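Undergrad: Right, I'll just put the structure down here and ask away after.
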Amino acid sequence: MAELQPLALQLEQLLNPRPREADPEADPEEATRARVIDRFDEGEEEEDDLPVSSIRKLAPVSLLDTDKRYSGKTTSRKAWKEDHWDQTLPSSSDNEIPDEGGSEAGDSEGLEELSEDVEEDLEDNEIPDEGGSEDGDSEGLEEEISEDVEEDLEGEDEEDREEDRNSEDDGVVMAFSGVKVSEEVEKGRAVKNQIALWDQLLEGRIKLQKALLTTNQLPQPDVFPVFKDKGGPEFASALKNSHKALKALLRSLVDLQEELLFQYPDTRYLVKGTKPNAESEEISSEDDELVGEKKKQRKAPPKRKLEMEDYPSFMAKRSADFTVYRNRTLQKWHDKTKLASGKLGKGFGAFERSILTQIDHILMDKERLLRRTQTKRSAYRVLGKPEPVPEPVAETLPGEPESLPQVPANAHLKDLDEEIFDDDDFYHQLLRELIERKTSSLDPNDQVAMGRQWLAIQKLRSKIRKKVDRKASKGRKLRFHVLSKLLSFMAPIDHTAMNDEARTELYRSLFGQLNRLDADHGQ
């Protein structure tokens, strides 16, 4: 009997009259044809749903339907979490054990309740065997349960102790971090004040440089009596006023130095006149408090009244006493910078000399240092000395090139004068560092200043490293000279070194005319 085809398959065959290719592996018999079934029964008994018993039908109605107190309400996840945490936090605090007595009482009550429950369970589940075994089992169960409860309580106590320790550790960490932050803030303020103080001292040094240049122009001892005789009372009054002003300036500078030395505990011995402490190190907080109390008692160093003749010896003694603190401070910061930079013991670092050895080595050649301070580096004229006469320039004829007089190199550095003090090289170095520091902290929005700084950096880079074209050697690159554009009727400027005859020979050799000329000359 032919199988009835579904309607969809019949319609598809009508719409597509092309005959379908038969599958050679398909089974024409319906009984033996492979087919897919929903479930294969292997003989297992199906567990049908059991009907509800009559006892369940007689059960009371749910409390949710009868009592409104047990009815629920819609809520959001966020509100549920907040209510959940609000409920769990007080419950955890209620479980805390106030003291040891209360904990022991609670443990005993919990053990009694558990033992009663175990006895009831044993009475309900009695086994009709030996009576002694029942008693032994119940006692063993009671002991095991009591041990488990004690272990649980001990574990809770340990967890509470760990939480307390963690909270204490968090407090210590927070306090430690707060102390660290406050220390860093204080260090930053100290560095800022130190930079401001350095800028003020440098500003005073710049103002004193003008006075130094004026002092170098004053008459020297060999001609000073002549100026004094010819100057008269006007010169004497001006000399007296300048002497008073100079004395007041020296007194102010000495007071400023003593005030700065007295404020710092490590240099206070210089003002008091006591011996320095060789084992002086960084001051602790307790020492700072003592120093603050002493400062309140004595806020200023003692005033000194010195005459002009006493200042040279006083400053020499002060400089010698300051050497101990200077050497100790230089060595300390030199070691710190070496450790911070990581250059200690690497390469030739073991052969490096200490900073104090280098300073002593430089100070050994005192004659050279004195000559550097007695060298006239600026253009000024000392009163009482004749002006330097420039060398006459030889006259040149109209057709001859102009010849300049030959001046030896560094001639201005050979102008020595023992009566002057000139440190323009050190002064210019200070100015250069000041300008670099000021320009490094420019406003990024100031495009003009940033452009100037960028040009200065580019100049320094071009001096440090020059661009070299390594491919231009051995004739691998064509060399040429760019001529400037001609303006209006301007004649071209010939920059080549070849003359007309050389050009003629070049062109003749290129086009083969040179050989013909040689042949004509030979005939």
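Note: Cβ is positioned from N, Cα and C throughout, glycine not excepted.
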Undergrad: Can you dig through Swiss-Prot and tell me which residue of SER182, SER285, SER462 is labelled phosphoserine?
TA: SER285
Undergrad: Scan SER91, SER138, SER280 for the residue that Swiss-Prot records as phosphoserine.
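TA: Comparing SER91, SER138, SER280 with the record, Swiss-Prot tags SER280 as phosphoserine.
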Undergrad: For the candidates SER71, SER103, SER284, SER441, I need the one that Swiss-Prot annotates as phosphoserine.
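TA: My reading of Swiss-Prot gives SER284.
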Undergrad: Tell me, what is the mean pLDDT of the region 'Binds POLR2J' (237-279)?
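TA: Across the residues of the region 'Binds POLR2J' (237-279) the model's pLDDT averages 85 on the 0 to 100 scale.
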Undergrad: Please count the residues of the region 'Binds POLR2J' (237-279) that DSSP assigns to helix (H, G, I), strand (E, B) and coil.
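TA: Within the region 'Binds POLR2J' (237-279) the tally stands at 35 helix, 0 strand, 8 coil.
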Undergrad: Can you count the other CB atoms that lie within 10 A of the CB of SER237 (phosphoserine)?
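TA: Excluding its own Cβ, the number within 10 Å is 11.
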